[in-house]
Every structure is written in structure tokens, then in C-alpha cells.
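In what follows, a structure is listed as C-alpha cells, so that the remarks can point back to it.
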Amino acid sequence: MVKMKKLIIDQNNENQRIDKYLKKLLCKAPSSLVYKMLRKKDVKVNGKRVKENHILHLGDEVSLFLYDDKFKEYTSPLTIHDLPITFDVVYEDEHILIVNKPAGLLVQPDINEDMNTLSNQVLTYLYQKGEYDPEADLGFTPGPVHRLDRNTSGLVMFGKDMRALQDLNEMMKKRHCIEKTYRTIVKGYVKDQELIDYVIKDEKEMKMHIVPSTTPNSLKMHTKVHALISTKDYSLIEVGLVTGRTHQIRVHLSSINHPLMGDKKYGDFEWNKQIKKEFHLNSQLLHAYSLSFVNPIGSMKYMKGKTITCQVPQKFKEIQEKYFK
């Protein structure tokens with residue numbers, strides 16, 4: 001029978017044409033079928049017919065009208081790898097999973113690592129619990145709502161069902177629904193402050209640069225800084241993100257001469273060398289500390305007022321105790 005399949009566009013599939021997305025999803029189908037489905041209105045995005053060049057955005061709902069047997073024939077079920085679980089579960093219910101990611105683990109696959117990632121470990125975890133079956137759930141894969149850099153530790157949130165993932169993605173886009181805070185140690189004496197600047201990405205260097213607000217294609221960057229402990233030489237701080245730009249905390253703190261401890265890309269070379277020798281720290285000391293559900297929407301309204309936190313890693317504690325006795 002013909003059945004409507006609903007899929008939510010996640011961070012892996014946003015900003016691409018609908019025809020290219022469908023070719024990847026229906027990887028065993030001829031290209032002509034994809035374009036025929038688009039012409040015959042068998043594909044809709046957010047309930048509306050779209051053309052083949054329509055660009056998908058985070059949180060979009062793609063509906064496909066296709067016979068069950070054909071959908072199975074044309075798709076390739078996700079392979080669940082038997083991976084070791086290196087994350088800690090911080091919060092879980094039937095709709096969402098919030099985990100503490102260790103530093104050094106990618107959230108999503110990239111060209112250097114496509115198997116042992118946090119996302120794949122979460123799929124292993126849910127599969128072992130009997131909460132996810134890739135063959136039964138071809139139209140949906142539990143996925144992360146946001147990312148952390150490989151060497152940043154802390155909280156990452158996953159949607160366990162389609163509605164939850166859709167609402168969580170929408171909340172992240174609105175930015176005032178969830179508050180994210182991080183903890184780090186930086187150089188120098190820091191006072192409470194708000195930072196607003198504009199950035200562009202240098203694709204060649206893979207770095208973000210602060211530029212005048214009039215610069216074409218620049219993006220606004222808004223960061224809140226709260227000092228927990230400040231001394232003449234170092235500060236333990238909590239950082240809140242109003243926007244969510246690549247390397248935002250690292251770029252913003254470095255721009256006001258308070259680079260993050262251990263940050264090779266934006267940090268203080270001599271300080272990093274000293275820290276590496278003393279604590280064997282090879283990357284930025286940055287931890288995603290809390291997620292606060294300030295104004296949740298839709299299926300997530302039951303989370304209103306909840307704040308999920310996770311303690312900093314052991315190495316962070318050791319450094320903190322040494323620097324702030």
C-alpha cells in the first residue's frame with residue numbers, strides 16, 4: 001500500500017536541494033523516479049509541493065508518498081555498529097536524550113572518521129535498548145540537535161522521535177527557547193560583559209575572523225561572559241551563547257585578549273606550551289556545562305523550567321584546583 005513517509009531535515013541534510021537529498025535517501029532508485037515523484041506531487045516539504053531546486057532547511061518536514069515495498073527496495077537501512085559507549089547519559093526520557101560527550105569524540109562523521117562518532121554511539125545505545133530499529137524506522141533516525149567541536153566536552157542533545165527532533169531543531173533556530181552555557185579557563189582578569197561582533201569564515205585557514213558589520217556575508221556573533229573566579233593572571237568563566245557561530249567562544253574571548261587555555265587555533269602559544277607540559281592538555285579546555293529550557297515549544301513544553309547540567313571532566317577539575325586554590 002502507498003504510505004506517507006515523514007522525514008525531518010537535520011544538520012547533516014540541510015542547505016541542499018531536495019532532488020539531491022532524495023537521490024541519497026532513495027539511493028537504489030533511478031534518478032528519473034525522483035524527478036517523476038517531484039512532478040507528480042508525491043514529494044512535499046512542510047505540506048507544500050516544491051520544485052527540484054528547492055533548498056532544504058533545518059527542521060523541514062519532507063513527506064514522501066511511496067509504496068512500502070518500493071521504499072524498502074530503494075533505500076539502504078542504516079548499519080548499526082557495535083561500538084563501545086564512551087558517553088554518559090545525563091538526562092533521558094521517551095522523547096529526548098542528553099549525554100555528556102568526552103573531548104576527542106566527533107559528534108557527526110567527517111572525512112577522517114565515519115564510524116566511531118557520538119551519533120553512531122547513540123544509535124548503538126538506543127538499538128541495544130530496543131528503542132531504535134533501522135529496518136523498522138527507515139523514515140527516521142534519532143539525531144543530534146546541535147554540535148560541539150571534537151575537542152569540546154559536555155552536553156549534546158538528541159531527539160529520539162520525529163516530533164521531538166523537529167521541535168528541538170525549531171527551538172535551536174529561534175535561539176530564545178534554550179540557553180546554552182559553557183565553562184572554560186582563560187588568560188587574564190575577566191569581568192562580566194556582553195560581546196557583539198560580526199564574523200566571516202576563512203575557508204582556506206578554517207578559521208573565523210571578526211570583521212566590520214558592513215562586511216558582505218558577515219554573521220552577527222553575540223556572547224555573554226560571566227566570571228566565576230578571576231585573578232590577575234587567569235579566570236574561570238561561564239559563557240552563554242546568544243548566537244551559535246563556529247568557534248564562537250574561542251574567537252570572541254581571543255579577540256579581547258582572553259584566549260582559552262589550550263586553544264591551538266586562537267590561543268596563546270607560550271601558555272599552551274606550558275599547560276601541555278604540566279597537564280598534558282592538547283586542545284582547548286572548553287566544556288558545555290548546561291542546557292536550560294527557557295521557552296520550549298510543541299512537544300517539548302513539558303521541559304519548561306528545567307536546567308540540565310554536567311560536571312567538568314577530571315582534567316578540568318585538576319587544572320581548576322591548581323590555578324584557583
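Numbers run from 1 along the shown chain.
From the backbone N, Cα and C atoms, a Cβ is placed for every residue, glycine too.
Keep in mind it's a predicted model, so treat the numbers as computed, not measured.
According to TrEMBL, the features are:
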- Asp149: active site (ACT_SITE)
- 16-75: domain 'RNA-binding S4' (DOMAIN)
Confidence summary for the domain 'RNA-binding S4' (16-75), mean pLDDT rounded:
90
Run through the Cβ atoms and count how many others sit within 10 Å of the one on the residue listed as 'active site'.
18
Composition by DSSP (helix, strand, coil) of residues within the domain 'RNA-binding S4' (16-75):
24 helix, 14 strand, 22 coil
